[in-house]
Every structure is written in C-alpha cells, then in structure tokens.
Amino acid sequence: MSLSRHLDTARSALRAVSAALDDASSPFEDLELAAIQMEELLRAKATMDARFVHLAEKTDAPRRAGTTNLCDYLTRTLGISRKEAFARIATARELYGEIPAREVKEADFLHVPVSDRDDAIHKAKTAEEERARNAREHQARARQAAVEVAAEKTTSINQELENLNENASTPRAELFADALEQAKHRTVEDLRIWVRRKVLEANRRTRTVAGKKDHLAAHRKRNVWFTRTDTDGGVRFGGYLPAGMAANLAAALAAGRQPGTNTHDSPQEDKRTLQQRRADQLNAICSSYLNQPGKARRGRGSVVVTGTVDDFQRVGVNTRFATNTGHELNALEVLQNTAHDADYFLACDAVNPVPLALGRAKRSASFEQRLVLAAMELVCSCPDCDVPASECDAHHLQAFIDGGRTDIENLTLLCRRHHTDNNDRHDGAGGLGHYARDALTGKVGWHPPDGEPRFNTTEKRKSAAGVRVTSREPEPPDGRDTERAA
C-alpha cells in the first residue's frame, strides 16, 4: 500500500474518533481508552518526525524550499513554529546524528614529557574511539526507547542536556538514552529534575581528552538572552557568565547600589529598591557606551527610533515608536533614549517607498544608510521573518561585485540566516532565490527559483514607519504631499 493510501486511512480513522467525541451517547470509558491510545500514536509520530528531519538534513532538502537552513525548511514546508522546528531538529540529531570521536591534539599533551608524549596521544585516541563507539551504542538504544516516550518529555530532556559540558565525564548520548528509559515512568517535572541531577554529576567530573580538568567549560557556555516584549512593553533577560565576566558585571553594578545614584533625587528622597537601582545602573553603563564620542559602530550599536511625522505630532500617553532593536518605546522612553543625539530626519514620498532626503548632523555614511533601512523596513525582508534591523546586514540587491552601488535604492535588510540563502547571480542555482525591488511598488521581495515573489507581511514589518507611510492612499496629483518618517 502506498504512503498516500496509509495516510487516507489515518485521516478516516481520525475523523471517526472525532465524531465519537462529538457524540453525546458515547460512553466516557470508551473515550478515555481512545484518548490513551491516541497518546501512544502521537509518541510514534514524534519518532517519525525525528526520522523525517534527519533525512531532510541528510538529503539537503532545505534547498527545495529555497534555503540552506533546516529550521526555515521545516517552518515553510510543514507550517510549524520555529520553536517546534528546533525541538524536532534537536531530537533528530540526538537519535540519528553522527557521533565522532573527540579530537586529540598534541597541544593537549604539552604537560607530558616528550619521551612519553607519543604513547600518551596514542592511548588517548584509542580511548576516544572507544568512547565514541559506546556513545553510538547508546544512541541505538535511545532510538528503541524513543518510540514509547512523548515528544514533550523528549524536548524537556534536550533542554536540560543543553547544560551538559562538552567534556563531561558521561557522554551526551548515554545520558539521553538513560533519560528516555526514565521517561517511561516519570512525570515531565520529575524527569527534568532527574536529568538535571545527572548533568550536574557529569559536569563535576569534566575532563579533557588529556584527562585534565576543563578550565574553559564555563567560558564556552557564556551567553545572554532576551525574551520577546510583554504586554507592558518590557522584556526579561538573563544569561550565563564565567567567573571573570560575572565579577566585572557585579563590580560595575555595585557602583549604583547607593541611593541617589543615577537620579536627580537626593539619597533621602530616593525611594527606589535595590533591584531598581541595579537596573538603572545597568542602563547608565549601556548609555555611556552608546554615547561615547567617535565610537565606530557601523550603525549597529545605536538605538534608532522610527515613526512618521504624524506619530510625533500626535504623540500621546499611548503612542509607541518602533526601534531598530525590535522594541517599542513610549514617549517618555523616547525622550530618555534621545537625550544625547536626536538629529536625524528622513523624508519619504507618500507613494514611493524610496526616501527623498536624509538630514545628517553626525556619523558616517554607512550609519546613515542603516538608519534609513531601519526607518523604512525595520526588520529583515525575508517573508515571515521579524529579526530587528540591529541584528541584520545591509544587503546589496545587485551584488557589489557585479556593479551594484551602495545606494539606499540598492540596499535592504537581511538577517544573517537569510543573507546566506541569497543567490547573488539571480539564476536560481542550487535552489536558492534572491531579493529584488518591485519596479511598481518599490517594495523589496524574495524571488524563489520558481514562482511569484513573496513579501514580508509580518506585523513588525507593517509597523515600519516607511511601510505605514507608503501604505496610505495616495493624494491627487495636484495636491500631492510629502510625509516624513523619522
């Protein structure tokens, strides 16, 4: 029987189960049994998802969707979220990914006497090959166990294993297989606790291929993260720092502990909590960096507030302005962030989205062009992408090497992920498309190797000042007006 026939049978079965759930006469005991059996089926589906992702990566399938990025392929082809795509990729790589032996370098054995070094290196290579073989056996065991484990549990295991050190004493594949066995009789919450404890134990015995303690484990794990904006306009952030960086941050924040710092109030009048004073000190440190004179940041290390002239003229307590970092500021926050440098304006034609003029008081031409792109586009030009301008590259629509000029008409915002997917030759080679400006509307769109161009219609893109200005109904020719986006 063909795959399509099997799927038709599955659809019919699901429709029958759905009809039974809608039937008030169905005994609850039967429905309960059906729900339990459905969960078992979904576990098998999660394993099939992992196998499909592995095959997609192995066969270079992403190019079928005009990308080299596996996550983008899954979101475009299956219509799933990036979060779900990442979860499936993680599971696929745990179950089917290659497990090479750790590399053994002579530099790891400089502490060994020269006369014994070759023998030590040989023994280490042998041990690492054996370790990799054992890990592959554990991976095969994990594939067997995964069929009986819900996707939610598998995802929770992967999340906890992200904290495992590269040189932990217990290989990741072994911990993953053991965790899948534990998942059969533990709740999701208890499973997380079990995996977390095992990760801590393995990390305490971290050793390099030379058997030495891994002193760079914390340094390799350094990171900072931000959540998306919440309903109050704020974000949560956190991260992981090695001891040296943590000491620097703690010392820098300590300077703002005392009441009266970073405020016009006297110490006696300062009613801020210690946590609020720390937050204000962190903001003062960031503001000091951003406002250093002569700092060459190429347009990235600056906050660009965007909006139309109407936005600024009709500003109220509920007005919010989009920025190149992806955050929306209210009027008070705009004043706080533009207290030092607020000397740019961008004049835009209300019909054609190409800027008419840019006023400049400071900075380099590259900064001004990035400022224009932030005001006009705000986010990456790839369809469905909302990576903010501050994290995007300025892409030449006509490649520079082919004579493309670094003019605003030939530039657009592309995040690094989608920039690498662009085909500069515009010939569809390798299954990759390109970006071009529409001659009639002036909008930049993605042109797949075959098919019509697609444009970014996300809410973030629609909130760009340039898009909002040019989306209005045009004025009659004799009364044409010019709007500004700043």
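Think of each number as a place in line: the chain as shown, counted from 1.
Glycine too: its Cβ is placed from the backbone N, Cα and C atoms.
All annotation found in TrEMBL is predicted automatically rather than curated by experts.
For reference, TrEMBL has these:
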- 266-276: compositional bias 'Basic and acidic residues' (COMPBIAS)
- 449-462: compositional bias 'Basic and acidic residues' (COMPBIAS)
- 470-486: compositional bias 'Basic and acidic residues' (COMPBIAS)
- 368-420: domain 'HNH nuclease' (DOMAIN)
- 256-276: region 'Disordered' (REGION)
- 441-486: region 'Disordered' (REGION)
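Residue counts for the region 'Disordered' (256-276) by DSSP state, with H, G and I taken as helix and E and B as strand, are 3 helix, 0 strand, 18 coil. Remote same-chain partners of the region 'Disordered' (256-276), defined as residues 6 or more beyond its termini with a Cβ less than 8 Å from a stretch Cβ, comprise 282-284.
With DSSP classes pooled into helix, strand and coil, the tally for the domain 'HNH nuclease' (368-420) is 22 helix, 12 strand, 19 coil.
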